[in-house]
Amino acid sequence: NCDDQLVSALPQSSFSSSSELSSSHSPGFARLNRREGAGGWSPLVSNKYQWLQIDLGERTEITAVATQGGYGSSDWVTSYLLMFSDSGRNWKQYRQEESIWAFPGNTNADSVVYYKLQHSIKARFLRFVPLDWNPNGRIGMRIEVYGCTYRSEVVGFDGKSCLIYTLNKKLINALKDVISLKFKTMQSDGILLHREGQNGDHITLELTKGKLSLLINLGDTKTNPSNAQINITLGSLLDDQHWHSVLIEHFNNQVNFTVDKHTHHFHAKGEFSYLDLDYELSFGGIPVPGKSGTLSHRNFHGCFENIYYNGVNIIDLARRH
């Protein structure tokens with residue numbers, strides 16, 4: 001039930017804007033159903049360069065938004081963009097159906113228009129950017145945001161470190177492997193994940209020129225060289241200092257590789273279900289340089305969030321052990 005009201009209890013200092021028409025139209029009056037001040041936020045000039053911003057105080061999961069016009073006025077917004085940020089400096093636009101999404105706004109001053117997000121946002125800062133407004137009035141907004149606390153475990157890598165998870169040998173024969181994590185970085189290259197075996201088999205997840213490559217080497221180069229290696233690349237410009245999500249699901253020889261909601265399904269040829277791998281999984285780099293001839297590969301420099309391997313919270317485990 002991630003649908004708590006997030007704005008109503010915020011202090012005045014959590015609201016800011018590009019400008020304000022007067023002190024009684026300041027952003028702190030932009031709370032849904034409130035009538036204080038002039039009854040909402042209005043900027044000094046109504047144009048497409050204005051914005052209303054809220055600081056939720058910490059990274060939060062946002063599932064819905066709602067808007068109203070200025071109380072008892074002819075000022076309302078008919079469409080707007082939503083932008084979000086962790087820092088308040090580096091902004092990203094909410095996208096839906098592969099394009100920047102213009103939200104439907106209001107048709108009068110007091111009706112509430114509620115919009116459930118197709119996919120939730122995780123952010124600390126939100127910015128409402130009016131696109132169109134009542135031609136017989138000006139920009140006027142009151143807002144509410146719905147969601148819940150976002151629990152996250154974050155670990156930072158400096159380009160020289162890696163995090164090694166040693167698997168329980170009793171659980172090693174699990175038919176299904178699921179690895180999920182989020183990452184953000186400004187570096188265009190680096191190893192995110194590596195696991196290898198005795199016969200040259202290995203799985204490597206690597207950022208190369210801002211794209212993510214999943215490299216699977218089955219190690220059966222002698223018996224079947226054409227089937228030995230699979231390299232799948234997804235995403236681009238992933239070195240933009242925003243969070244990106246990765247999910248790798250491997251069941252028998254079926255592999256699903258997902259980056260930011262884009263999934264590539266493929267079959268690994270050969271005896272992939274019996275990949276002869278070590279009981280060790282390394283995140284952020286390769287622990288022994290030169291293994292698998294991977295001397296040229298760089299360790300990851302940036303942050304990981306919520307690393308899970310078959311349901312195990314790796315970062316939490318590292319913190320406690």
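Just so it is clear, glycine is given a Cβ too, placed from its N, Cα and C backbone atoms.
TrEMBL does not curate its annotations; it predicts them automatically.
According to TrEMBL, the protein carries these features:
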DOMAIN    1-148  domain 'F5/8 type C'
REGION    1-25  region 'Disordered'
COMPBIAS  13-25  compositional bias 'Low complexity'
DOMAIN    154-321  domain 'Laminin G'
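Long-range contacts of the region 'Disordered' (1-25) within the same chain: residues 31-32, 37-38, 40-45, 49-57, 60-64, 70, 120, 138, 143-148, each at least 6 residues beyond the stretch ends and with a Cβ under 8 Å from a Cβ of the stretch. Residue counts for the compositional bias 'Low complexity' (13-25) by DSSP state, with H, G and I taken as helix and E and B as strand, are 5 helix, 3 strand, 5 coil.
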